[in-house]
Amino acid sequence: METLESELTCPICLELLEDPLLLPCAHSLCFNCAHRILVSHCATNEPVESINAFQCPTCRHVITLSQRGLDGLKRNVTLQNIIDRFQKASVSGPNSPSETRRERAFDANTMSSAEKVLCQFCDQDPAQDAVKTCVTCEVSYCDECLKATHPNKKPFTGHRLIEPIPDSHIRGLMCLEHEDEKVNMYCVTDDQLICALCKLVGRHRDHQVAALSERYDKLKQNLESNLTNLIKRNTELETLLAKLIQTCQHVEVNASRQEAKLTEECDLLIEIIQQRRQIIGTKIKEGKVIRLRKLAQQIANCKQCIERSASLISQAEHSLKENDHARFLQTAKNITERVSMATASSQVLIPEINLNDTFDTFALDFSREKKLLECLDYLTAPNPPTIREELCTASYDTITVHWTSDDEFSVVSYELQYTIFTGQANVVSLCNSADSWMIVPNIKQNHYTVHGLQSGTKYIFMVKAINQAGSRSSEPGKLKTNSQPFKLDPKSAHRKLKVSHDNLTVERDESSSKKSHTPERFTSQGSYGVAGNVFIDSGRHYWEVVISGSTWYAIGLAYKSAPKHEWIGKNSASWALCRCNNNWVVRHNSKEIPIEPAPHLRRVGILLDYDNGSIAFYDALNSIHLYTFDVALAQPVCPTFTVWNKCLTIITGLPIPDHLDCTEQLP
């Protein structure tokens with residue numbers, strides 16, 4: 001039935017054909033729909049009868065009309081009969097095919113007239129009845145709100161006002177350009193709902209259109225996707241909001257705790273000040289009492305001496321008035337002795353008096369304490385420490401790091417972090433990656449020695465100063481361990497070689513005493529060799545060999561399994577740089593490659609990178625690269641030396657030179 005109904009549907013109104021016209025192209029069209037097409041082609045004040053042609057909406061064939069116009073076209077009576085029978089066979093009810101569009105229009109008008117439409121803009125409760133619905137705004141207004149929102153001036157004069165419509169979505173089903181037409185397609189170009197007339201004869205006829213179902217599915221899918229994202233984002237925001245609220249609560253609790261702590265600490269300071277005030281005040285009172293008591297005693301003594309002296313002075317003055325010589329002589333001697341005794345005794349009775357002890361030297365100076373009180377503030381994280389690279393020391397497996405801090409008194413502890421440095425580009429990434437660092441916590445001093453490091457390796461160090469308020473880290477400092485130190489092994493030396501100078505020098509010595517045979521000793525007549533006393537199986541190592549006049553020697557490395565009766569480099573288990581008078585070669589597995597070092601090569605540097613499989617030789621004094629063996633080392637290797645004349649001296653345990661301590665760029 002649905003397939004049959006689609007065949008009986010008008011391409012313009014999308015309803016069952018009513019009074020169908022049979023077009024010359026064999027398609028059918030409602031009479032009223034054909035008339036609307038002609039009306040849409042008319043210019044202003046132009047009669048419909050003046051239009052003599054139009055296009056079939058189905059096949060776009062041009063239909064030419066006679067003088068009779070649409071009446072000149074035949075009625076499709078057969079099709080009308082089929083439609084009538086189809087309507088009778090269908091189930092009657094709302095929206096059924098048997099229900100004509102006039103009946104549905106009547107029912108819609110009845111429903112519209114019966115249903116009350118309220119103003120959607122009113123602030124009143126309840127809202128007033130709407131008098132108009134603005135199709136442009138898609139809002140129904142009462143008279144008062146309409147006047148307030150749609151004054152008689154542009155752009156509001158262009159708004160389309162219609163009678164109030166109960167449901168706002170109904171107005172979206174009607175075409176804005178053709179008021180009596182329902183929208184049944186979507187203009188993709190203008191992103192707008194349109195009717196069939198808009199596509200046939202309107203401004204959308206050359207636009208890209210799509211079926212409503214297609215656009216519906218696409219927009220619905222897009223809306224669902226956006227809605228999912230919005231819901232997800234909203235959930236994230238709700239989680240964030242909960243965390244923000246929790247953070248606010250923590251701020252409130254912590255602030256209250258800190259305020260209470262501040263009051264408690266200030267009360268303690270005030271209590272200490274009051275205690276010190278009482279103690280110092282007591283000292284002042286005691287000092288005052290002691291001084292006043294001493295001064296009172298001195299005053300009493302002075303008064304007593306003055307009283308005694310006054311009586312004696314009176315008697316002496318009375319005696320001096322005596323004119324009778326005999327009487328004067330009788331009393332003068334006694335008085336003179338008493339005056340002399342009183343003068344002498346006054347010096348004894350009157351103690352030494354310090355008139356400067358007026359308590360003015362008792363000074364109070366709280367300027368330092370005042371400055372400290374003025375600086376009272378909440379605790380902040382300590383300043384970043386500074387690594388003192390010039391004070392740091394290293395061995396082949398340890399590094400001692402020294403640092404300083406501007407505010408040591410506020411630091412509770414230090415934390416030392418370190419990791420292997422693999423290139424300048426990785427410093428930032430390493431600083432941001434906590435997993436890459438070895439950490440030594442709870443250091444109380446300004447230095448620390450790290451043990452168990454790889455020899456000949458550069459490390460990055462950072463020091464973190466910590467207190468209750470937080471922590472701050474120093475700038476990264478780069479320090480490196482020295483190479484593995486070693487000496488020559490006398491037990492491995494050929495019997496015609498002499499090892500001396502603390503086993504650091506080897507020289508040809510025909511007069512050497514007979515040495516006992518050992519498995520590790522070089523024995524061949526031409527292989528005058530000696531090995532180092534270490535076997536290296538990891539890390540980077542650098543040592544130098546001083547050429548002391550020798551013109552025939554070989555310097556290199558060998559596996560423990562290398563034959564002791566062959567020259568180094570003559571087998572697959574050894575690698576060597578050799579000089580035979582004026583011929584310079586590098587040799588491995590009996591293959592020789594000539595090289596051209598400086599004419600007077602005095603010191604050879606050897607850089608072994610075991611993990612990356614390289615053995616490099618350098619002119620150590622001139623920092624010139626000579627040659628590099630690239631080899632995957634499978635066993636521990638031992639430094640090995642051969643000398644046929646004069647002597648060689650080794651210098652080991654050196655740090656790798658800076659110009660070599662990077663990714664090598666070989667010529």
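Glycine residues also receive a Cβ, built from the backbone N, Cα and C atoms like all the rest.
Here is what Swiss-Prot records for this protein:
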type: ZN_FING; residues: 10-60; note: zinc finger
type: ZN_FING; residues: 116-165; note: zinc finger
type: BINDING; residues: Cys119, Cys122, Cys142, Cys145; note: Zn(2+) 1 binding site
type: BINDING; residues: Cys134, Cys137, His150, His159; note: Zn(2+) 2 binding site
type: ZN_FING; residues: 172-212; note: zinc finger
type: BINDING; residues: Cys175, His178, Cys198, His204; note: Zn(2+) 3 binding site
type: COILED; residues: 205-264; note: coiled coil
type: DOMAIN; residues: 381-484; note: domain 'Fibronectin type-III'
type: DOMAIN; residues: 482-659; note: domain 'B30.2/SPRY'
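Positions of Swiss-Prot features highlighted on the structure.
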| residue | record | DSSP (3 states) |
| --- | --- | --- |
| Cys119 | Zn(2+) 1 binding site | coil |
| Cys134 | Zn(2+) 2 binding site | strand |
| Cys145 | Zn(2+) 1 binding site | helix |
| His150 | Zn(2+) 2 binding site | coil |
| His159 | Zn(2+) 2 binding site | coil |
| Cys175 | Zn(2+) 3 binding site | coil |
| Cys198 | Zn(2+) 3 binding site | helix |
| His204 | Zn(2+) 3 binding site | coil |
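Only residues 6 or more beyond the boundaries of the zinc finger (172-212), in the same chain, are considered here, and those with a CB under 8 A from a CB of the stretch are 11-14, 36-37, 40-41, 55, 57, 135, 138, 160. Cα to Cα, Cys134 (Zn(2+) 2 binding site) and Cys145 (Zn(2+) 1 binding site) are separated by 12 Å. Averaged across the domain 'B30.2/SPRY' (482-659), pLDDT for the predicted model comes to 90. Among the binding-site residues Cys119, Cys175, His178, Cys198, none has a Cα sitting within 10 Å of the Cα of His150 (Zn(2+) 2 binding site). The binding-site residues listed here are Cys122, Cys175; among them, Cys175 has the most other Cβ atoms within 10 Å of its own Cβ.
In this structure the C-alpha atoms belonging to His178 (Zn(2+) 3 binding site) and Cys137 (Zn(2+) 2 binding site) are separated by 18 Å. For Cys122 (Zn(2+) 1 binding site), the nearest neighbour among the binding-site residues Cys137, His159, Cys175, Cys198, His204, judged by Cα separation, is Cys137. Taking the Cβ of Cys142 (Zn(2+) 1 binding site) as reference, residues of its chain lying under 8 Å away and at least six apart in sequence are, in sequence order, Cys119, Phe121, Cys122, Ala127, Gln128, Asp129, Ala130, Val131. Sequence-ordered, the extra residues of this chain that approach the Zn(2+) 2 site, with Cβ no more than 8 Å from the Cβ center of Cys134, Cys137, His150, His159, are Lys132, Val135, Thr136, Val139, Tyr141, Leu146, Thr149, Phe156, Arg160, Leu161.
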